[in-house]
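A.B. asks: Sharing a structure below in structure tokens format, with a few things to ask.
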Amino acid sequence: MINGSIVALITPMNSDGSVDFASLERLVEFHIDQGTDAIVAVGTTGESATLPMNEHVTVVAQTVKFAAGRIPVIGGNGANATSEAIELTKSLSKVGVAAMLGVTPYYNKPTPKGLVAHYKAVAASTDIPQILYNVPGRTAVDMKPETVAELVGVSNIIGVKEATGDVSRVKRLRELCGNDFMLYSGDDATAREFLLLGGNGVISVANNIVPKAFKAMCDAALAGNAELAASIDEPLRGLYTTLFCEANPIPVKWAAHRMGLIECGHIRLPLTELSEQCHGLLLDAMTRAQIEVK
């Protein structure tokens, strides 16, 4: 099972909006070098909403190729049409991903019954492990622990990314879903507590730019060392907040560019590059987190 420090990887782009595969390869090498436990390719932070399906699959496939078996790659396979999610899932099943991460269908606001039917249909289209993804702040639907529990019996649904920031759900999910069901935090600000309460890992935005420290925090929390985890986590807390001064992944792409991790901080419309009033805030947070800016 995949656990620990997982990066929700950005998708680097050139100034013309095309994917910058050279920078993508460098990012994969960077995370392998820094000890990151796994990569999520083309999730929310990877701009899945603005990559058409063929490009989406290509980026995931190239990430798998660059990883070359040295780090697991989880491919984003969410869509708000079940038929589209199934088509994407079938394509990703051919490129070597270790698992897939499927966000709840967004905008059309399915009922709990609809969520269960959606995820069962997607899971039935592949043998690859599936991770559910609950982020109501983006999707306008909240998949409650009771709904997640209805999917535990599906053999290749292995866990959930819970991004509400409500750490009380860790206990409830564990009670309903059992000890073998993987629980991943999707909220950096509450990730430490999530792990200390029994979570298995974190799918993180901040991990793009502080992977070594974030890995150390996760390892300490998973080992039950609350004091060490807190000492690592506290200097990063300003960063967790400031990386959401505008919609993710606008700030983290800007930060990665300032660090020299990617050649360009370009982001696809309708998102636009980081506004100037956020520059100083983010630079201050990066300084406090001991990030070197080029």
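Residue 1 is the first one shown; counting continues down the chain.
Every residue gets a Cβ built from N, Cα and C, even glycine.
Below are the features listed in Swiss-Prot for this protein:
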{"type": "ACT_SITE", "residues": "Tyr133", "note": "active site, proton donor/acceptor"}
{"type": "ACT_SITE", "residues": "Lys161", "note": "active site, schiff-base intermediate with substrate"}
{"type": "BINDING", "residues": "Thr45, Ile203", "note": "pyruvate binding site"}
{"type": "SITE", "residues": "Thr44", "note": "site 'Part of a proton relay during catalysis'"}
{"type": "SITE", "residues": "Tyr107", "note": "site 'Part of a proton relay during catalysis'"}
A.B. asks: Rounded to the nearest Å, what's the C-alpha distance separating the residue listed as 'active site, proton donor/acceptor' and the residue listed as 'active site, schiff-base intermediate with substrate'? Just drop the number here, would you?
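C.D. replies: Checking the Cα atoms of the residue listed as 'active site, proton donor/acceptor' and the residue listed as 'active site, schiff-base intermediate with substrate' gives a distance of 5 Å.
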A.B. asks: Counting across all protein chains shown, how many other Cβ atoms sit within 10 Å of the Cβ of Thr44 (site 'Part of a proton relay during catalysis')?
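C.D. replies: Within a 10 Å radius of the Cβ of Thr44 (site 'Part of a proton relay during catalysis') lie 25 other Cβ atoms.
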A.B. asks: Provide, as an integer number of angstrom, the distance between the C-alpha atoms of Thr44 (site 'Part of a proton relay during catalysis') and Ile203 (pyruvate binding site).
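C.D. replies: Thr44 (site 'Part of a proton relay during catalysis') and Ile203 (pyruvate binding site) have their Cα atoms 11 Å apart.
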A.B. asks: Where does Thr45 (pyruvate binding site) sit by DSSP, helix, strand or coil?
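C.D. replies: DSSP assigns Thr45 (pyruvate binding site) to coil.
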A.B. asks: Among Tyr107, Tyr133, all listed as recorded positions, which has the most CB atoms within 10 Å of its CB?
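C.D. replies: Of the recorded positions Tyr107, Tyr133, the highest Cβ count within 10 Å belongs to Tyr133.
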A.B. asks: What is the separation, in Å, between the Cα atoms of Tyr107 (site 'Part of a proton relay during catalysis') and the residue listed as 'active site, schiff-base intermediate with substrate'?
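C.D. replies: Answer for this pair: 19 Å between alpha carbons.
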A.B. asks: Have a look at the recorded positions (Thr45, Lys161, Ile203) and report the one with the fewest Cβ neighbours inside 10 Å.
C.D. replies: Thr45
A.B. asks: Between the Cα atoms of Ile203 (pyruvate binding site) and Lys161 (active site, schiff-base intermediate with substrate), what distance do you get, rounded to the nearest Å?
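C.D. replies: Just about 7 Å between their Cα atoms.
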